[in-house]
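J.: Provided herewith is a single structure, encoded as structure tokens, for subsequent inquiry.
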Amino acid sequence: MPVLHNRISNDELKAKMLAESEPRTTISFYKYFTIASPQQTRDALYQVFTALDVFGRVYLAHEGINAQISVPQSKVETFRQQLYTFDPALDGLRLNIALEDDGKSFWVLRMKVRDRIVADGIDDPTFDASNVGDYLKAADVNAMLDDPDAVFIDMRNHYEYEVGHFENALEIPADTFREQLPKAVEMLREHADKKIVMYCTGGIRCEKASAWMKHNGFNKVWHIEGGIIEYARRAREQGLPVRFIGKNFVFDERMGERISDEVIAHCHQCGAPCDSHTNCKNDGCHLLFIQCPQCASKFNGCCSEQCCEELALPEEEQRRRRAGRENGNKIFNKSRGRLNSKLSIPDPAE
């Protein structure tokens, strides 16, 4: 029986990926559809992806599939064909191609079965996730941005909004998607008569959010087809003004795609204009935060003098200290002035 999970160390896999000469293409996609046996589907799909040297992160659940992956360029069309024929529900599925891509986004394939492909926290048997808002294409998005009767809602987390967003878009301040949904309903009550336009990175969160808003009595709801990634690509192709400002945060080693030249965020240490996320080099911290080149040099890639001092300790002493505390993996929430427990590179399903 074939091995259906990775058995090689992360360090070895990363070194192997970095040594590759063939370029790779970063792709994301999702689909809400009924999967009768997620585990069986996962195992079959794992073999297909492994045979094509696909790396990345894939979640499957009874409600569908959510994937962010990296595919060798020479195998992209074969991948597309095999994905489309794997299940009739996936035939013709839109694939979001990365806007900026160094081919080093992933180095291992992780495929997991979960309760939901996006952790929404919804526990309402009457909720119909298929009753979604209408799609908006790039030209429609720009028209809506000029419509005084439209309100744009960013359904991403605070660290995503901080480095880039649509003009005048409302932030729903939260650390996870499940926290955002009830807050969005509460915050938008005063705009119930407006046109509600929801967006996210690639479309998966705003699609479900649009259904949730309709479930809660909002009638004029839209969401951007393919999210920020598809919008920016189509706007550029069609010669339209790109109305997204700043950088689009992405959930892989790149941590961001430049959409516009504006830098709207600031270094969390000195306040200089900067929108580059990084993780604290101290293995006992791994804080996700924004750091400018000057502070990176000053603090040796760490988030604080304390972490800088700890990083300089002998490795054995560092391990001893890490064992005595809850391992960090946190995100700095500048808007609330506190740290939040999270993965080093946040989970896109949260």
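Any Cβ shown, glycine's included, is placed from N, Cα and C.
Pulled from Swiss-Prot, these are the listed features:
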type     : residues : note
ACT_SITE : Cys200   : active site, cysteine persulfide intermediate
COMPBIAS : 319-328  : compositional bias 'Basic and acidic residues'
DOMAIN   : 146-240  : domain 'Rhodanese'
REGION   : 319-350  : region 'Disordered'
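For each feature listed, report its degree of burial, its nearest neighbours and the pertinent distances within the displayed model.
T.: Long-range Cβ neighbours of Cys200 (active site, cysteine persulfide intermediate) (same chain, at least 6 residues apart, Cβ-Cβ under 8 Å): Asp154, Met155, Arg156, Cys206, Ala209, Gly227, Ile228. Following the DSSP three-state reduction, the secondary structure of Cys200 (active site, cysteine persulfide intermediate) is coil.
Averaged across the domain 'Rhodanese' (146-240), the predicted model reaches a pLDDT of 96.
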